[in-house]
Each structure stands twice: as structure tokens, then as C-alpha cells.
């Protein structure tokens, strides 16, 4: 059924198709239809960050930026749902067109620019949802906030989403907000992580619970840079790392229609690069922090490869656009079939 739906949706512009799909998934969730229409994955519970996941395959941030379809996505069989990226204030994002399909490569290029309705609106949607599973909320900075004051935006969002989230992801790796990726390195990263850790401890006392913090990083880093990030995450007391966001690279898509568009490339072409980052992180972290792997999972076996590389959980987005809910089941089945260590 999804194959037919995709054929129809792919006749529309990518962003129109995205918005319509989100509306349909949200409506199906409100009516309780998605679970009946989609075969559910096998149960494969796992505990990570002190949280209990129904299965290790989650929805990556970016597909549901405003929390419009939380129940709908959960009913499709995801083991966890991550919404956002959300910013303190609403913002329109970059000018259109800003989303491009590369079907020959099972890939997408986007330069959305954190378009969202703001953190207050997102919280309204979270409160309206019935979903009681693991919910991640991905936070970022507004476009017009100077990078020197980015910490302020992250702390505003952290304060607001703290009690609503199962875990909180700090997005310092989108290539579509100028200067954002500089926060992954050196003193900028240390200052951000220290500020987040200090505020989180204050919030934990106030609210009587410690919400895990995950940092989402880019795939476009050297092994040495990745090692430095891993050390900083451990030193600051972060709880997980999400590897990875989209890539600025264009290997394998340069000659394709839209292959030269500016923005972040996701989907199949980022698989090897992203999985390499997971392997490097696993070696550096030595099991002290869990890794949530995202990037290039378009077949079930890719999810198993991420777990074999050292990840505890995986997330999908572009693969879901191309393959639909069946990819969730395939990924869960592939992970379940892995030899027990």
C-alpha cells in the first residue's frame, strides 16, 4: 500500500508531499488507524539511558518538527519518537525550494533551516498527545541568535522541554544554520556542554528527575575530531551521542539531478560515512556512553550494521520516506536476528 501512496506523493513537490504525509499520519494517529493499517514490528525491548524502549528503531528528528503527529508515528511501530528541531521562537526557515529528492540514490538534500513554530507550540502538541513511550525532543538555536549567544537559546529550550521529554537532544550539527557546527569543537563545545550539564542538575533538583541529554553530531569530522568530541561528552556528563546528522559531502550524487543543491545530504549515500563515525565513537567511548546511530539506513540490514558498529539504538528518516513503515519492521527483524554476544 505504501508503494502506491509513495507514487502519488512523489508526484507532488517534496515539501508539499512532506506536509501532506505529516497531516495524514497525524490524522491516522488521532483516529487510531495507523496501528490497524500497518503490521507491527516484533517486540524487542531494550534499556538505554535508563529508559525502556519498545524496540531499538526510532524516528529521527526533522520529520515531525512541531510534534504534529506523535501518536501517528508511534502507531506505525517506532520504538521511540524524536521531534524537533525546535527553537525558542518560531522561525520560517530558509527560502523555498529547500527540499530535494534524489530517488536514483535513495537520498534527500535539505536546507530547511530549522523551520518550526517555536518551543511553546511544540509543548502544546506534546501535551495533546496520548503517546506514553519514549519521546525525544531535539533543540536548537534561532537563526538570528549570534553563535556567541547560542548557549542562551539551548538553555531556554532545555528549561521549557525538560518535564515533557524522555530525553533531550542538543543539535549542534545541522549544516543549514550558519555557524552552528562550530559548536562541536574546542572551547565552544566545552562551554555549551558545561552550561547544559549545570542547568540540567538544577532542573533535576527542581523537578525530581534527571532527564538524559544526547548530543547530535555531524558525519563530516576526522577521526581525531571525533575522538575529541567523545572525550568532551564523557567529561561533561552527557548521556548519549547521536551519530550522525546530514553530510555536506556529495560523493556519488554529484551528477544526479539536484545533486549540486546546497544543504545536507541524507539517505543511502551517507551510510558508510555515518557508520564509520559510529565505529570511531564506540572505540573512544568504550561503552561509557550509548550511541544512537542515524544516517543512511534504507534497508533492515543497515540497522544491524549500525548495532554491530557499536550503536545501542538506531533512527531512520530518509529511508522511511522511500520505504515506508515496512522499514521499521525490517530493521527490528534484522537487529533481532543478530548473534547474541
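Numbering starts at 1 and runs along the chain as it is shown here.
The backbone N, Cα and C atoms fix where each Cβ goes, and this holds for glycine too.
Look at Swiss-Prot and you will find 61, 62, 63, 64, 65, 85, 138, 171, 216, 244, 267, 296, 317, 318 tagged as FMN binding site, backed by sequence analysis. Per Swiss-Prot, substrate binding site is recorded for 65, 110, 111, 112, 113, 114, 171, 176, 245, 246. Annotation comment: Swiss-Prot describes 174 as active site, nucleophile, evidence class sequence analysis.
A distance of 11 Å separates the Cα atom of residue 267 (FMN binding site) from that of residue 245 (substrate binding site).
Look at residue 216 (FMN binding site): DSSP puts it in a strand. Using the Cβ center of 65, 110, 111, 112, 113, 114, 171, 176, 245, 246 for substrate, the list of other same-chain residues with Cβ within 8 Å runs, in sequence order, 62, 85, 93, 174, 175, 177, 263, 264. Within 10 Å of the Cβ of residue 111 (substrate binding site) there are 21 other Cβ atoms, across all protein chains. Cβ-based crowding with a 10 Å cutoff singles out 216 as the top-ranked of the binding-site residues 65, 216. Residue density at residue 61 (FMN binding site): 27 other Cβ atoms are found within 10 A of its Cβ, drawing on all protein chains shown.
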